[in-house]
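Engineer: Swiss-Prot feature annotations, pasted as is:
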{"type": "MOD_RES", "residues": "S100", "note": "phosphoserine"}
{"type": "BINDING", "residues": "S100, D241, D243, D245", "note": "Mg(2+) binding site"}
{"type": "ACT_SITE", "residues": "S100", "note": "active site, phosphoserine intermediate"}
Amino acid sequence: MGKLFGTDGVRGVANKELTCELAFDLGRAGAYVLTEMHKKPKILIGKDTRISCDMLEAALCAGLTSVGADVYLAGVVTTPAIAYLVKSHGFDAGIMISASHNPYEFNGIKFFNSQGFKLSDQIEEKIEDIILNKKWDEVPHAQFDAIGRVNRVDLKKDYQEYLKSTLNGASFKGLKIVIDCANGAAYKIAPEVFEELGAEVVVINNQPDGTNINKECGSTHLKMLQQEVVKNRADFGIAYDGDADRTLFVDEEGNIVDGDKIMLLLAQNLKQQGRLSRNTLIVTVMSNMGLFVAAKELGIELEVTKVGDRYVLEKMLEGGYSIGGEQSGHIILLDFATTGDGILTSLQLTKLIRESGKKLSDLAKIMKVYPQVLVNAKVENGKKDLYSKDPVILEAIKKVEEKLNGKGRVLIRPSGTEPLIRVMIEGEDYEEIKKDAEALASLIESRLS
């Protein structure tokens, strides 16, 4: 992982860290690196609903076309839609402008290769090298008759039809579902798909205004969805984040069903159908201890990776596994998609719920959740790795681990996308671990500020 590209593309505060100039440079360098593989690359661009997306899109277009690439603008679509459409429509690369679940002032630029996978580290490093070391002499401007063109395309329907095709004719008639679109990229795509499948849909947070994406809504703020599910007497609720690469559910009683439970239910279903590749589910270190206990009882093997869907995907591709994901609702179903797809995941789980004939609250009993507390310590990006060398912080962590005595764990993890260090503690006594997590986060902030 380099200086520009984080775990999920290039990300930062729009017009401050992620500027037009940087977007233009990413377009130029990206198109040049891709022209080494394709004479005149065709590049598909999508965006979420942030106010800064139009600005960054224009800068990217200028950079890409100046090197001779042809650009196709898909408008507001989800990140997984770009990944799917790049491959299905024969584009040479895709770019998504989004900062996913982050607040609206952030934005990001994420590249996909022609197969719909995120760019390899090697290609990201080539792009980075040109920009950071100002190797613009290597990047020629296109001859005036070879400048790229910008085209607008509407491919949403193709993606929606593909999503429905993964369900083998299932109908959601008779189901009442509340969908929280996070005022983000799924605000039209998701409700339309569920309605076309026969569900009665109550939609919330589907009025994006450029500044309300993820604001007190979506998969990172589930309170409104919980209330609406109970109020509307719905069968369950579904929440997406800003670019719909993740999803979480709420059962009919208003309880949260997180990514751990969702992927365990889907893995168990695949196992019953004989489709769980190598009988294994890929999870991250953030998954709850309850998942490990339940998987063992169900006879499902687990492989554990670092946090970040790119690490989950790497492990899946390496071992030929079919399902993996994160507690946050980032779930990859490799039989159908090359990246985490919130709408796809929610359709598959809805099909499972419908076919089981059970309530989601009953299905969610598949695992017992151990109390888990996550507290964020605000630390500048450049100082995030220093915690592991600070003797005072290390001693404090050791003391908490001794107190847990094998019946819990402490996980300290710098965020790959934000200026934060995440402190996660799991144990049997919620109040106790909450106190310890807050104390550790506070110590980290004071030591590294």
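Along the chain as shown, residues are numbered 1 onward.
Positions of Cβ are set from backbone N, Cα and C atoms, glycine also.
For each feature listed, report its degree of burial, its nearest neighbours and the pertinent distances within the displayed model.
Structural biologist: Contacts of S100 (phosphoserine) defined by a Cβ separation under 8 A and a same-chain sequence distance of 6+ are given as D8, T79, G108, D241, G242, D243, D245, R246, T417, in order along the sequence.
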Engineer: Just counting, how many other CB atoms are there within 10 A of the CB of D243 (Mg(2+) binding site)?
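Structural biologist: I count 35 other Cβ atoms within 10 Å of it.
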Engineer: Beyond the listed site residues S100, D241, D243, D245, identify every same-chain residue whose Cβ lies within 8 Å of the center of their Cβ atoms for the Mg(2+) site.
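Structural biologist: What remains near the Cβ centre is D48, T78, T79, S98, H101, G184, A185, Y240, G242, A244, R246, G342.
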